[in-house]
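Copied over from Swiss-Prot, here are the features:
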ACT_SITE  Cys101  active site, nucleophile
ACT_SITE  His208  active site, charge relay system
ACT_SITE  Glu210  active site, charge relay system
BINDING   Gly68, Glu69, Ser70, Arg131, Ile167, Arg168  L-glutamine binding site
Amino acid sequence: MSSASMFGSLKTNAVDESQLKARIGVLALQGAFIEHINIMNSIDGVISFPVKTAKDCENIDGLIIPGGESTTIGKLINIDEKLRDRLEHLVDQGLPIWGTCAGMILLSKKSRGGKFPDPYLLRAMDIEVTRNYFGPQTMSFTTDITVTESMQFEATEPLHSFSATFIRAPVASTILSDDINVLATIVHEGNKEIVAVEQGPFLGTSFHPELTADNRWHEWWVKERVLPLKEKKD
């Protein structure tokens, strides 16, 4: 994806301190960060904001690494030593971190495919990803994915179906440990491909849930992954 935002401008969410449930940072070096922030700021009790420096990472309850160019985002992380060290510290601390598309690549232990190697990976998840698995940007598509029963999506029907947008998307081509929980798959050219995984506090989705009108992934992540860990710490 290009670095330009696809939808509108950044929106804020005025939340009284007594009603504040979670502070969600979105890495804002490049990619579709505005869309994630705007969705998060539409959720009751959530404040979301851009993360560009190590200082921006202070007092956050969760972090989203958005889609974009994994090589570009990786380079920008790598040249900012303070930000890089802070992100690695958040991984070591077990902060809930969600990577979408390029963000999933950055969370992986290994990556392959693409024109250039990734200059930096956080190596938080025991997966190997294949970049640009479905082809170039001209072959982007939207399709229904099947999510597991454990997702516990609410309200919107069908309960376990979700329309997902894939833009030069990766897949989790190799699972490197039994600690990986597969959350969603699609069938592509007759093969079942893994497009969403989690490992402990880390979530990776190869698609862009921020580019649809369905906010269930964001709501689920806050309710089922961010808030329980925050409550344990509090």
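Placed from the backbone N, Cα and C atoms, the Cβ positions cover glycine too.
For Glu69 (L-glutamine binding site), the active-site residues whose C-alpha atoms fall inside a 10 Å radius of its own C-alpha are Cys101, out of Cys101, His208, Glu210. Residue environment of Ile167 (L-glutamine binding site) contains 23 other Cβ atoms, counted within 10 Å of its Cβ in all protein chains. Here the Cα atom of Cys101 (active site, nucleophile) is found 8 Å from that of Ile167 (L-glutamine binding site). Following the DSSP three-state reduction, the secondary structure of Glu210 (active site, charge relay system) is helix. Checking each of the binding-site residues (Gly68, Ser70, Arg168) against Glu210 (active site, charge relay system), the C-alpha distance stays within 10 Å for none of them. Listed recorded positions: Glu69, Glu210; maximum Cβ neighbour count within 10 Å falls on Glu210. In this structure, of the recorded positions Arg131, Arg168, His208, the smallest number of CB atoms within 10 A of the CB marks Arg168. Note: Ser70 (L-glutamine binding site) has non-local neighbours Ala102, Ile105, Leu106, Ser111, Gly114, Asp118, Arg131, i.e. same-chain residues 6+ apart with C-beta under 8 A of its own C-beta. Each of the recorded positions Gly68, Cys101 was scored by the number of other CB atoms within 10 A of its CB, and the lowest score belongs to Gly68. Cα of Gly68 (L-glutamine binding site) to Cα of His208 (active site, charge relay system): a distance of 10 Å. Binding of L-glutamine is attributed in the record to Gly68, Glu69, Ser70, Arg131, Ile167, Arg168, and the widest Cα separation among these residues amounts to 13 Å.
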